[in-house]
Amino acid sequence: MSNNFKDDFEKNRQSIDTNSHQDHTEDVEKDQSELEHQDTIENTEQQFPPRNAQRRKRRRDLATNHNKQVHNESQTSEDNVQNEAGTIDDRQVESSHSTESQEPSHQDSTPQHEEGYYNKNAFAMDKSHPEPIEDNDKHETIKEAENNTEHSTVSDKSEAEQSQQPKPYFATGANQANTSKDKHDDVTVKQDKDESKDHHSGKKGAAIGAGTAGVAGAAGAMGVSKAKKHSNDAQNKSNSGKVNNSTEDKASEDKSKEHHNGKKGAAIGAGTAGLAGGAASNSASAASKPHASNNASQNNDEHDHHDRDKERKKGGMAKVLLPLIAAVLIIGALAIFGGMALNNHNNGTKENKIANTNKNNADESKDKDTSKDASKDKSKSTDSDKSKDDQDKATKDESDNDQNNANQANNQAQNNQNQQQANQNQQQQQQRQGGGQRHTVNGQENLYRIAIQYYGSGSPENVEKIRRANGLSGNNIRNGQQIVIP
């Protein structure tokens, strides 16, 4: 017993199982307890592998669980195919020859040998993987489990051979042809159904089809999967998962090639030939006539399948074209209704424009009439105002003329009065002077000339005399004025 902490820690680590693997937890725990017990006893001198090995092992276990689910689904389809193959073998004519009891066992030993070969190859691939080996005792335990599995498989197969051994039946060529033809028709119908399911379900359908084709060659192996479920350990589960993965990948690649190349009929014929060969290998006499009838029926089925594909394509084109035509018709109707609506809208807008223009013209004519009436009224008012102003002016002129006439009359009367007053003053002055001469001013006479006329000299003294005599202060005298000359 080692005291290394790392060894104890790694030994106590447990793998993580998924929920779908809970039904086998008891078997796994028993196997793990046995392996741990052996590890603690015999692994004391061995270098323990690194931690990454445990992680890789857990990944393989998870992949094994996932592949086991797919394998279980394919196993159910295998059982159904085996049951159908058993019914076909009962109807087939093979018991007339002496080698009937030997050939089925030889045939059934072939799948056993192939299965052991797959398990051994998978185990060898796992051993050749660059991952470190955990311990030698674990591999020894795995080998022992494989041997037990092989022995249990052999026993189960022998029982299945005895149960499925065909009954003695005398066959003719016609019976063999009819039997193989019926069998071929059944297999063709089933493969058509399987192919349609594979086309719609993807990888799951491809795995089921691959399992069906693989089991068709080994129609007598009834109890293989049940023995594997209860006796194989984790290594056998991983190996079977790898084998199933390889078959699934191969089947999926074949399906993809068939789907892209349009050769589904050939694939159906190949699967039918494999199934018929696996079911008819129990007899050595059915080698020539059944194969010929199978080939003829296979060709007919291929032609029928191609015709069905053409009909499907035509139906698919019709399904594609009908919605397109309906969409085009709907769009055309919408376009027509839209054009009519736009046309009506345009007509309505034109009518509205015409009505608006007519209304605007009527409004403009009304405005013009009102403006003309206003201008007439204004001209009339201006004319009346002018005439009134003229009348006022005329009356004013008349009043001014009357007033001027009155003023002139007053002025004339005042002038007359002044003249009379001046005459009176002059008379009074003449009376005061007495006998002096009087001179009436005429034309342009002045005091200087009057002094020269009367005194012979126009000296200032003479002029001053005349002034004093007449009471003048200046030289201004007027026409018609009488001057006293002293």
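Backbone N, Cα and C define each Cβ position, glycine as well.
Residues or ranges marked as compositional bias 'Basic and acidic residues' in Swiss-Prot: 1-40 (among others).
The compositional bias 'Polar residues' annotation in Swiss-Prot covers 64-85 (among others).
Positions annotated as compositional bias 'Basic and acidic residues' by Swiss-Prot: 103-117 (among others).
Here Swiss-Prot flags 126-160 (among others) as compositional bias 'Basic and acidic residues'.
What Swiss-Prot lists as compositional bias 'Basic and acidic residues' is 180-199 (among others).
The compositional bias 'Polar residues' annotation in Swiss-Prot covers 233-246 (among others).
According to Swiss-Prot, the feature compositional bias 'Basic and acidic residues' maps to 247-259 (among others).
Swiss-Prot lists 300-314 (among others) with the feature compositional bias 'Basic and acidic residues'.
For the compositional bias 'Basic and acidic residues' (361-398), no residue of the chain approaches it from at least six positions outside its boundaries, judged by C-beta separation under 8 angstroms. If you look up Swiss-Prot, you'll see 361-398 (among others) marked as compositional bias 'Basic and acidic residues'.
Sequence annotations record features per position, and here Swiss-Prot assigns domain 'LysM' to 437-485.
According to Swiss-Prot, the feature region 'Disordered' maps to 1-314 (among others).
The region 'Elastin-binding' annotation in Swiss-Prot covers 14-34.
Summarising the annotation, Swiss-Prot assigns region 'Disordered' to 351-440 (among others).
Model confidence over the topological domain 'Extracellular' (2-204) is summarised by a mean pLDDT of 54. As annotated by Swiss-Prot, topological domain 'Extracellular' applies to 2-204 (among others).
Annotated topological domain 'Cytoplasmic' per Swiss-Prot: 226-319, in sequence order, evidence recorded as sequence analysis.
Per Swiss-Prot, the feature topological domain 'Extracellular' maps to 341-486 (among others).
Shown for the topological domain 'Extracellular' (341-486): DSSP residue counts in helix, strand and coil, namely 113 helix, 8 strand, 25 coil.
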